[in-house]
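*Asks:* This is the structure I have questions about; it appears just below.
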Amino acid sequence: MDNTTRREFLKYGGALGVALGAAGLSSIARAQEALKIGVVYVSPVAEIGWTKQHSLGVDAIKAEFGDKVELTVIDNIFMPQDAERIFRELAASGNRLVFGTSFSHGTPMQKVAPRFPEVAFEHCSGIVHLANLGTFEAKYYEGTFVAGAAGGHMSKSGKLGFIGGFPIPDIVGPANALLLGAQSVNPDATCNAIFLNSWFDPGKEKEAANTLISQGCDVICSMTDTATGVQVAGEKGAWSIGYASDMAKFGSGKQLTAFVLDWTSNYLRAARGVAEGTWKPEARWEGLAAGVVKMAPYNEAIPADVQTKLKQLEADIGGGKLHPYAGELKDQGGNVKVAAGSVLSDNDIRGMNWFVNGMIGKLG
Amino acid sequence: MDLFVAIFTGTIIAATPLIFAALGELVVEKSGVLNLGIEGMMLMGAAFAFGAVVAGYSMPVAIIAGALAGAVTSLLFGVLALTFLTNQYAAGLALAIFGSGVSAFLGRGFGSAPIEALQRIHVPLLSDIPLIGPLFFHFDPMVYLALLMFVVISWFLYRTKSGLVLRTIGESPQTAHAIGYPVIKIRYMAVLFGGLMAGLAGAYLSVAYTPLWVENMTAGKGWIALALVVFATWRPLRVLLGAWLFGGMTILQLQGQALGLAVPSELLSALPYLATIIVLVIISQNRQMLALHFPASLAKPFRPAT
């Protein structure tokens, strides 16, 4: 696998085209039928976090296909204008399957895909589908609901704290589910929410975690791409909930659990589909049942009977017995949004722009 | 009361990297040189300090490594801007991009390894006084170093002959040269000092504040430091107050969000920037004072006549 940074990419990219320069030459020597796959990461692969979880999917492809696959990985592409060029070059240089891993890759992929109808495009966290553009996404809210239940059991103050990047449905929804999970154990639980209004600012994230703890929150869930929230909570003796990767080693023993994202099945399914010629664009949106969302090992401090209950909860949500957004759900003003006996529709979940009763914070 | 302590200490800590970086830049600009590359130097400092900790060196060594990394990076700017007399704006911007790229490259090796943060001090007796202890005697040593640097720089600039020479060079390098001062050499020293301070700011972020290494972890703090110097009309005390104001507003807006203040979070997030600009613009109304403190030769290249 060629793990190329954007800077190296630009260096190679000039006249030859990157795939030719960085990967293509070696392919001539190899078997002609090697399946060429291009992957674009939004950030470099760190020890934990969003991109790390995607790299595990890529590793799975490598493990299964071995020599029969030729991977080109370009990392640190966030801006749509950069991404469009990269996607076009990947598609033009013989890759038959191209992955985009960030919401910001959506518009460029939608532009590039129609021009390369023979190339399969897969977009993580995307919403738009085309004849050759499929999407996959995780049901984060299933993970936060279980994590919230763990928090509800362990919290002394009954106050949870949530840190998110921007107040968008993909983050507001999981925040709501976190509190609903906690309320399933402790009906009086509340959750203070802070939005950094930045995708990336570890300093601000630290202050946000400190702020929540100073206001009495004793379970911190940070849905950002660093372990800062887990780290600060650990230092201050508060419980924490990790996101994307298991962040236990950053948490001074205080991480209750983490809702881990495992994209492996999505990567393998797409690669197999393209290799066998059966690939079709799909809109996959999976959670605990498919193992796309997994709970990291529960903290030993959680009593055994509670752990059993949490595992049962995972099974119930995975099996469809329990829906995190089952009624009756009220918003912050006490208005009933979901009547008892019904559940929030998938469309409403993906467009959730309101806080449930008990959330403390204001959405624009 | 706990909340007050949290806000107060949060403010002081959030302001510390800004104080380092902005005071360093103040000295650079007072010598008539504009180095826009603070962000790049901070990132180099952050990467080296973090790398040193990961490699097993002690905290003081790591912080010094960060400071030196900032200084070495600034040397690059110095050579471009002072020796080759390139445009200082362009050279500074190039340095910012260069530093962010190189630090990202070097930082790939350390992943996001967890490290032990710089320990906070504990003064026997003093740290245990209720309220006063947590408010004043429970920070990490670099917070006190930042304040010490403020005192030293204010004293140096306005109470020593060397400071006077430095300011003269910023006003009129020709005059300073005519009476025999080595203008280029002194400007080099100022630039190096600025780099050292930016490196300290970066080191503070990566080993004390967050403590972690991620690409571009400064998240724009270098640019804020740059703006602080201008809005503070090139005066050390105002730099300090500006940094505290900015840090304080950052903490307050987070507290406001968490308390559920009925203001959209986007607006609250903009508050530190708005408040700092408004306050500093208001206190900079006096044009005479502004003219008095603005280094007249800022960003103008100077070559000694031979």
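Every residue, even glycine, has its Cβ placed from backbone N, Cα and C.
If you look up TrEMBL, you'll see B:6-28, B:40-57, B:63-85, B:92-115, B:135-158, B:188-210, B:222-246, B:258-283 marked as transmembrane segment.
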*Asks:* Using a Cβ-Cβ cut-off of under 8 Å, list the residues of the same chain that are 6+ residues beyond the ends of the transmembrane segment (B:135-158) and lie near it.
*Replies:* 5, 8-9, 12-13, 16, 19-20, 23, 26-27, 30, 63, 117-123, 126-127, 129, 166-167, 197, 200, 203-204, 208, 236-237, 239-240
*Asks:* Give the one range among B:6-28, B:92-115, B:258-283 whose Cβ atoms make the most pairs under 8 Å with those of the transmembrane segment (B:222-246).
*Replies:* B:6-28
*Asks:* State the non-local partners of the transmembrane segment (B:6-28) in its own chain: residues 6+ outside its ends, Cβ under 8 Å from one of its Cβ atoms.
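*Replies:* Long-range Cβ neighbours of the transmembrane segment (B:6-28): 34-35, 38, 42, 134-135, 138-139, 142-143, 146-147, 149-150, 153, 157, 166, 190-191, 193-198, 200-202, 204-205, 209, 218, 221-222, 224-226, 228-229, 232, 234, 236, 239-240, 242-244, 246-248, 250-252, 255.
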*Asks:* Does the structure show the transmembrane segment (B:92-115) and the transmembrane segment (B:63-85) touching, where I'm treating 3 or more Cβ pairs under 8 angstroms (sequence separation 6 or more) as a contact?
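*Replies:* They do touch: at least three Cβ pairs between the two stretches lie under 8 Å.
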*Asks:* What residues elsewhere in the chain lie close to the transmembrane segment (B:63-85), defined as a C-beta under 8 angstroms and at least 6 residues from its ends?
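*Replies:* Distal contacts: 33, 35, 37, 40-42, 44-49, 51-52, 57, 91-92, 94-95, 98-99, 118, 142, 184, 187-188, 191-204, 206-207, 301, 303.
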